[in-house]
């Protein structure tokens, strides 16, 4: 099966657990939570983890700006070079790391990703952050937490807690990348695929 | 010595005949010969040739016994169907005195696998400056008639002219390694498309052709004969063809590897393909085959050049030039000349036995397969097909470019003056 | 990509673009307070230099150290090599020390190829310049410099050099830089013209994917980049050209000639420059000259190559596809490599 065929098959079999309006709603909620917990969010920097975390971070920034009427710095943090599973795959293409102009020193960095699973990505992100500067605090926002943590990591803001089995996959699709907003729960493909 | 009956062999590729050897000579050739008192060698389907003669062999002794000795080299020769080899002079010390050539000659006789006819150096120490004592070498027990600085070119036109003239006194011949030295400084391979890409120093065809052109004109001028070693380019063929048409007394040799391999192989940077003159292009290979077929090139000579493993197991530039060839020559000729229809087996006998013996004045070699002639014979299984396995070589060195390559034909028996040196593919 | 980097000719367009894109990300690391990545921690790279080349060695060393590799430097001078040890023995000695990659500079054309194919060692081999054969990382850093200047730093990502006209001037015959650049630039879609006196163009050049010219002045106005090669003064003694003065008059780049180049065109040089020979000080010091940039870019390119060859369990996977005219950067990337989204 080629990639396109596989995609169609997967989407036919998978069950949507969040649709576009749900995603918009939970992002709004997370934005409010950030403002509340960060006491106005005046030192917040949002860093999305490529690929889809970046789009989520931008959406969150838009919502925060609506709420606070202030420009919220948003950037991206590629963690590829910090992964602990590099030796298990061929090297991956690097994505862009874009730190907002004023940097992260002394700020509250909110990492944004689509799915929280083993926690290894976030571990890598914390390492990457360490090489870039010294934030006042680091928090984590994810659209979906599907459980099965392998490291002592938890999210500060969760769009949806989704109990899953390891035989299942969670796939987040966003309009910027995939043409539509949805979160799909499906069965794991036998060979390794691009799902969480 | 006892009698041997070779039964049913295709003599020079012709109709099956029996050949009876009695002692050192061929007693009788015919159909249905009696086998009384004779050891019988069944040769049905095999081709019987006169013992092959190689006008261009490097036996390395004295000096480089780590790569080859007269013993291992002559065993390799016997395994390849040869009964006489001409040993090149670039040993350490150089074979430029009667003493060295006699030693090499005697070693060949003692071992008894193959006659060794030493080639004398043209100049002292192969330095191209001063004529060696050519007359003394000729008068020695070795009876040298072929002189060559092979490995180096006699590039000084005056020295070359003098040598060509001088050897006329005793019917000698100068075998020229045609390589203009200035044009080949730093040369690593044929100069052309492949060298341009690989960034290896080029050995242009013109460096060979210009020397051949000069030397045939010199030979004409002083009415001498000249022999061209390992001719390798289409242009050289044209010059020799022209010289012969003018009546110039020139002969030329081609190596088996130049009949089969091209410079495309150098893309592997594997020094097993590093040789001098270098492997040329497909066009050159085709011209050489054609020239060997039509007689422009007179003979096949191996330029058997053994080198120890470490001299080839390195980067290209650091590697020694040369390939072993005695044990694969006939197979390569079968593939490139016989199976292509360019030459029949009588033609092979001519190019690999009769003519080289004639050029080198090797008495008793290159004779017809007929009653009363010395029993120098080679029996060949032409139907055999198999990959070349250097581990089975009799030569001390393994630097063959054919490892693993499927080649046709296999020498099963060789007789030197009636004595079997190779029996069923095994050295006696 | 293949397991080794021996020749620029071995790279597909997708390989080359992936390396350039990766280098673009690596370059950003240089702007950070901590210019180091943990990616090659625990991997050992040996810089095996049989020829003096301080700048290339330092560039590789900087790249290796920024990726946290353990670095062993081996230079032939004063080593066992000068005592007659062969390349094979040297390589095997290093392999016995557990080396993952060998960066080799050697005076003999084909030595890196031999090292990679002879079965002497298992390590990945990266050619840092061999004889007059190849210098692939130089060609990559040159292409990177061209893409940044002629296409744009951000606009260039995912792009090749289609339609760019590149002129390479000087001693082509003895130049591994010229050979590598002709191969790579052709793969990337550029049109290459070599300019040299006929004595410094190899016999057999006619099969190369480029044009040959003996006249510099007529090619300058049609060039987006002009790369000047170093010309060694000693060549004069081997009759490649009559005098230094005549060479620089006919093939040197001075201010007047530079003025004939299009406004946007750049001047490149692999270094070290011979000022007054192939290039005047005026040109070398102008802001159109990218020599210093090339040096900086060299580190990024070498980081990219090391990462893509050694960063995973096998070299990076690329697929050869026809170039796409409209690029969506993230789609482009996911098509080139395994998605980065596994195992969150």
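Glycine residues also receive a Cβ, built from the backbone N, Cα and C atoms like all the rest.
What TrEMBL records for this protein:
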- C:3-147: domain 'Aspartate/ornithine carbamoyltransferase carbamoyl-P binding' (DOMAIN)
- C:55, C:56, C:105, C:135, C:138, C:271, C:272: carbamoyl phosphate binding site (BINDING)
- C:83, C:176, C:230: L-aspartate binding site (BINDING)
- C:163-309: domain 'Aspartate/ornithine carbamoyltransferase Asp/Orn-binding' (DOMAIN)
- C:318-344: region 'Disordered' (REGION)
- C:329-344: compositional bias 'Basic and acidic residues' (COMPBIAS)
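What TrEMBL annotates, mapped onto the structure for a quick look.
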residue : record                           : DSSP (3 states)
C:55    : carbamoyl phosphate binding site : helix
C:105   : carbamoyl phosphate binding site : strand
C:135   : carbamoyl phosphate binding site : coil
C:176   : L-aspartate binding site         : helix
C:230   : L-aspartate binding site         : coil
C:271   : carbamoyl phosphate binding site : coil
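With an 8 Å limit on C-beta distances, the binding-site residues from C:135, C:176, C:230, C:272 that reach chain B are C:176. Considering only the binding-site residues C:55, C:105, C:135, C:176, C:230, the Cβ with the fewest other Cβ atoms within 10 Å is that of C:55. Counting other Cβ atoms within 10 Å of each Cβ, the binding-site residues C:271, C:272 show the lowest value at C:272. Measuring Cα to Cα from residue C:176 (L-aspartate binding site), the binding-site residues that fall within 10 Å are C:135, out of C:55, C:56, C:105, C:135, C:271, C:272. Surrounding the centroid of the Cβ atoms of C:55, C:56, C:105, C:135, C:138, C:271, C:272, where the record places carbamoyl phosphate, the chain contributes additional residues within 8 Å, namely C:53, C:59, C:128, C:129, C:270. Sequence-distant neighbours of residue C:138 (carbamoyl phosphate binding site) (same chain, 6+ apart, CB under 8 A from its CB) are C:56, C:129, C:176, C:177, C:180, C:181, C:270, C:298. Spatial neighbours are here defined as Cα atoms within 10 angstroms of one another, and by that definition residue C:230 (L-aspartate binding site) has no neighbours among the binding-site residues C:55, C:105, C:135. Overall, the recorded carbamoyl phosphate-binding residues C:55, C:56, C:105, C:135, C:138, C:271, C:272 cover a maximum inter-Cα distance of 16 Å. Mean pLDDT across the domain 'Aspartate/ornithine carbamoyltransferase carbamoyl-P binding' (C:3-147) comes to 91 in this model.
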